[in-house]
């Protein structure tokens, strides 16, 4: 029989802990346990065990867990379709909230503001993600676009992919954002070359590249602040 969380000391149970101390006091695995709700009798895993396995499978990256499909989630023994559907629903709701949050921001005024917006989303990712913020003539947010996923190079991050949506949305400027899975935001020579290439392409198209911000683990690097752009 699956060892139930109900049998645990009350101060260790996720639900009781949240009610007493607030949701922020829970670990990622404990929060997932509340979404998963029950353990699995066949495997003897508790809901927290399943939550921990999910986090481990995706390298502690909530972004990559959130983008996983049902087949990837149910690959874990004990994670049936109902549990996987609950996890997908929670991440989809969080993604929609994140989008609303972006819409509610009047404008980006500093590199720090960009970092504050993106670092929780990107800091634990095992892969590099390259995103573009589209801005109007008053630096107000139009939307965000993901350009690539995986190792950055000039063949993947092509001006065509970066500026295609900018042209469609009549954007006046863009801010480039990507993460370094190592946690060190120091730009590589490839990063610098890509940025210069995109800036030159933007100048030809009349779309300004305002900054390129690299997200690290608790820190960031702004090409403008560093004097690279």
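Placed from the backbone N, Cα and C atoms, the Cβ positions cover glycine too.
Between the candidates 191, 211, Swiss-Prot assigns the Zn(2+) site shared with 178, 180 to 191. Among the residue ranges 1-20, 21-40, the one that Swiss-Prot annotates as region 'Disordered' is 1-20. Residue 191 (Zn(2+) binding site) has a Cβ environment of 22 other Cβ atoms inside 10 Å. Packing around residue 178 (Zn(2+) binding site) is summarised by its Cβ count: 23 other Cβ atoms lie within 10 angstroms of its Cβ, all protein chains included. Neighbour list (residue 180 (Zn(2+) binding site), Cβ cut-off 8 Å, at least 6 residues apart, same chain): 128, 186, 214, 215, 216.
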